[in-house]
Every structure is written in structure tokens, then in C-alpha cells.
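To start, the structure itself, in C-alpha cells.
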Amino acid sequence: MASDNVASFRWTQALRRGLSNWTNPVKSDVITDTRALLAALDFDRVAQVQRLMRKDKRTDTDLTKLRDLNKEVDALMNMRTTQKDNVLRVGGLSKDELMELASDLQKLKKKVLRVEGSGQPGVYAGNLTTTQLEQRSKILRDMGFAQLRGNPSGVVKVWDIKDSSLLINQFGSMPAVTMACMTEQGGESLNDVVQGLSALGLLYTVKYPNMSDLEKLADQYPCLGYITQEQSQINVSGYNLSLSAAVKAGACMLDGGNMLETIQVKPTMFSSMIKAVLEVKSKERMFVSEAPGQRNPYENLLYKLCLSGDGWPYIGSRSQVKGRAWDNTTVDLTDTGSPNHPPVRNGGSPRLSQLSHAKEEQILEGLKRLDSKATTWIDIEGTPNDPVELAIFQPESGNYIHCYREPHDVKSFKDQSKYSHGMLLKDLTNTQPGLISFIIKNLPAGIVLTAQGSDDIEKLLEMHARRDISIIDVRLTSEQARQFEDKVWDKFGILCNKHKGIVLARKKKGSPPGSKNPHCALLDCIMFCSTIGGFVDDKKPTRLLPLDLLYREQASLIEL
């Protein structure tokens, strides 16, 4: 492997580790979509599109055929990416992180647009006309220069169309399409295709497969012989059986390896994912290179995640998504600070700011996904009349609600931070007021809450007139409750980043010192549940409320 490939693959491995919480077993889903395509797709039309993509010049008529076929594929597939504008604000990400993201997207925009100005990667076309590009190729050929990027004709392949924006998101391979074409057009069984691509995917866990690797594997798996030997080019449809398309499909056949190709993005987790990407970038010293050429792993991941915040950025159909990554991701760099809160009367619930109608609708939509008949854990940090953190967790589905609140009693908060939750006041000043109260008031009727110690939860429910909700107190000892503390923090610590302070162990006479680990309401719920069940479940929890909803509305938006 060349040294640059070694560095590139090291980045890929680092990103796989850093985003492992968002990778998924997708083999069965991809095969389901493949079978749907095999049953309903007209492969005569597929062959026509494959042929037109080999033409040196493509017209509006050719583009219409490609877009029509893409629409049909999109309608047949379950795995797709949908249009979703992403807004990242101070709170979910720090201002420095937002500025870093904005800068990287700007650099990526320049790189992508420069590369797409030519017919091939790394060949700059500027604003030359089709005729000028052809003349340039002829001059270079007559002067004895090597042919451009393996193009046998020496002519730059271009789209001669009226509206170039119609090209956006019409390309890129999809594993289901790749597998369907290999099966139908290659006359292979789907099982043989799955086996061959699985072998290619296993190789991809340790290196980037190349053409030499492909030839060796094809001896054992003949279906891989249909993969084209041509180098991938931009603006070439996903119906072509390129090596990169086959590798992507192979990654999906593993159900393991934390492959980036299996990432699914949801609006509720978008900010957390971007934060994780930036952390890996910093640790590995990754960067966006403005030099023309193929995207490096960081650039590729950043573009795909920011293109749409809802769906399968690597492997799903995205032909119905409009715009580019820098069009669909908006960064808000405004930090309004904390408004003054009125004092709280003794024994009364805090008077919290009103939520916007839009936020209330989002919260209600998330609460609808709670199963009122399922086991539901609840925990808070802070006091019932001044809570600073709330978590509600349903282990069967993995769904959870997790939010914070700025305290009114700062002195009490600092004492609790020192000996319990370890949260810092500065990290809560931008949290959305009124969120905890609205959630408690709108919990599903008939829901039964399970808690470790019910007194505080009962008081919290009474303050919000929810005496209709029953509570089960599991009454674990301190040792029992924290039996799986380290395992839970190791596995799920990424779900919460507010507990940064130093926690001191309380000393009780006749007892060993308590834990110095901070108490997180969400992770405590998972710990208590693990103690009752006897093990820590590997299921990845799913956030029901968008991360940005946890923070105050901001005003000034900067579009990238």
C-alpha cells in the first residue's frame, strides 16, 4: 500500500471507531431492497442508462433518462435519504466547533466545485466551453502528452445541458442497485453475489481493496469478475459496476466492523455526530485539502453527513435531495447568553420561560414515540423544585429523552455538583427553559415510571399535577445501583457531555468512600436497568428530542 493510502486508511479506521455508536447492521435491509429492485426494475432501462453514461457527450435527453430511472429506484427502495435542512447552534456544539465546521465546509465547497468544473478528477476546466475542452484534449494529444486519466478517446466527457443543477445528487452508487445489477445482468444468484461482496468487505476492514485484490478474489468468487476495471470518475451513475461501488456494497454485508457506510443519520442525533467527527478530526489531525482530486475520508464523511440530516448518507437513494452539503447545513454562531430569571417561591415550581409553538410540537412528537406500556426508567439531578437534568429511558426500544435546565439556586447547585452530578453552571446557561416542565406535563397517560428512590420523582410529578402517574421504586443499595457503573460509562458515555466537573466522594462513618464518578440521569437509568437485568445491553439508545431543541432559540443564521 502506498504511504498516502496508509494514512488515508488510518483516518478511515479512526472515523469508524469514533462513529461506532451510529453504525448499524444493514445486511438484511440492503438485501430486501435488492430483491425489490430485482422484482420490479426494468433492467432494459438500466442497460440504456449504463450505455449513455459511456458516451463522451451527454445531453438533456440523457439526463432525463437518468433522473427518471433514479426516481423509479427511489420509489422501490426503503433505504433512502430525504431532504432535511440542518441547523447547528451554539449549545449542541461550541462556537469554536461551529466555526471549524463552517471553515471546513467552505474549503470543501471550493474543492468540489473546482473538481466538478472538469470532466475528470484533478483536471481543471475553468469556464471553458465544450469546444474549447475538446480542442485542449486534441492539442495535448498531438503534443504527445499522456491521455487524461485513462480516457481512451482523449476527449473530456461532459454534460451538454441547459440546467447543470439537475445533475446534483443524481450520481453515486447504492449497494442494493449494485447487487441487483450483478445478479440480473451477470446471471448470478443473489447468494453468490452476497458471498463475493462479503469477502470484499472483509478485506476492506484492513485495507482499501485494489484491482489486484479484486482479480485474486474473482478466482474464488466469479461474480466479482463483472466489476469494471475502469477508474471511477465524477458524474458517472451508480448503475456502473465500479470497484468503489462493490466495496461499498461489501461493507454492508458484514453486519460488523463499524463501517462508515452503514451510518444512519436522524435529526435527533445530527449535532452529536458532527461533534464526534470533529473530535476524531482533531485527534488524528485530519484536514480538508483544497487541492483537486478525490476526497479524503474526512472530506467524504463530512460532505455526506451535511448533505442531509435524515437517512442513509452513504448507501441510500439520495436522488430526491436538493442542494449540496453547504446548502443544506446552516450554522448559527449567535450566543445570546442567559436571561434573568425571577425568584422561585418556597415550595413552588419554578416559573420557566414559554416554549415556542414549533418546539412544543417537536416535543409532543417525540413523546408520542414513548410506549406507555413499556418499562420506563426516570431519573433527575438536582432537587424536585429545581431540577437541572431529566432522563426518561425505555430499555426495550432504546428510546430516551434527556434534557437539562439552568438552576435557580446556584449555591445548592454547586454543592450538588461537587458531590454528585459534576455539572458546571456555564454549561447550562444556554439550555431551553420550560423543557422539563412541558415534558412532565405531557407524559403519556397511563405510563408507569420506574425509579431508584421515588421520593424526588413523586414530588416532581405532584408539582406538575401528574398524580395519575404511578411509580415503581426498585430500592437498590448504593453498591447494587452502581454495579455496572464503569461498563455503562465506557459504552454510553458519549451520550452525555455535561458532567465535566470534579466529583468528591462523600465519606460516611463505617462505610467505604462513595464513587467519584459523576451522576448522569441518563446513564444512571441505564445502570439501574442493567442491575435489574443482570447485564449491560449492547442496544444503542435512540434520542427522541433533537439536540438543538435543548437550547434557546437563536436569531442570526449564517448560511454556508
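Heads up, the Cβ atoms here are built off N, Cα and C, so glycines get one too.
Remember, predicted model here, so these are calculated numbers, not experimental data.
What Swiss-Prot annotates here:
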type	residues	note
BINDING	Asp379, Glu381, Asp524	Mn(2+) binding site
BINDING	Glu389, Cys496, His499, Cys520	Zn(2+) binding site
REGION	53-236	region 'Binding site for the cap structure m7GTP'
REGION	333-353	region 'Disordered'
SITE	Asp456	site 'Important for exonuclease activity'
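Feature map: Swiss-Prot annotations on the structure.
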residue : record                                    : DSSP (3 states)
Asp379  : Mn(2+) binding site                       : strand
Glu389  : Zn(2+) binding site                       : strand
Asp456  : site 'Important for exonuclease activity' : helix
Cys496  : Zn(2+) binding site                       : coil
Cys520  : Zn(2+) binding site                       : coil
For Glu381 (Mn(2+) binding site), nearby residues of its own chain (Cβ under 8 Å, 6 or more apart in sequence): Pro387, Val388, Glu389, Gln416, Ser420, His421, Met423, His519, Cys520, Ala521
Candidate nearest Asp456 (site 'Important for exonuclease activity') in space, where candidates are the binding-site residues Asp379, Cys496, His499, Asp524 and distance is Cα-Cα: Asp379
Residue with minimal Cβ packing [other Cβ atoms within 10 Å] among the binding-site residues Cys496, Cys520: Cys496
Fewest Cβ neighbours within 10 Å, where candidates are the recorded positions Asp379, Glu389, Asp456, Asp524: Asp456
Neighbourhood of His499 (Zn(2+) binding site) by C-beta distance under 8 A, where only residues 6 or more apart in the same chain count: His421, Gly422, Met423, Pro518, His519, Cys520
Sorted by sequence, non-Glu389, Cys496, His499, Cys520 residues with Cβ within 8 Å of centre, Zn(2+): Glu381, His421, Gly422, Met423, Lys498, Pro518, His519, Ala521, Leu522, Leu523
Length of the line joining the Cα atoms of Asp524 (Mn(2+) binding site) and Cys496 (Zn(2+) binding site), in Å: 11
PLDDT averaged over every residue in the region 'Binding site for the cap structure m7GTP' (53-236): 83
Additional residues surrounding Mn(2+), by Cβ distance to the Asp379, Glu381, Asp524 centre under 8 Å: Ile380, Glu389, Ala391, His421, His519, Cys520, Ala521, Leu522, Leu523, Cys525
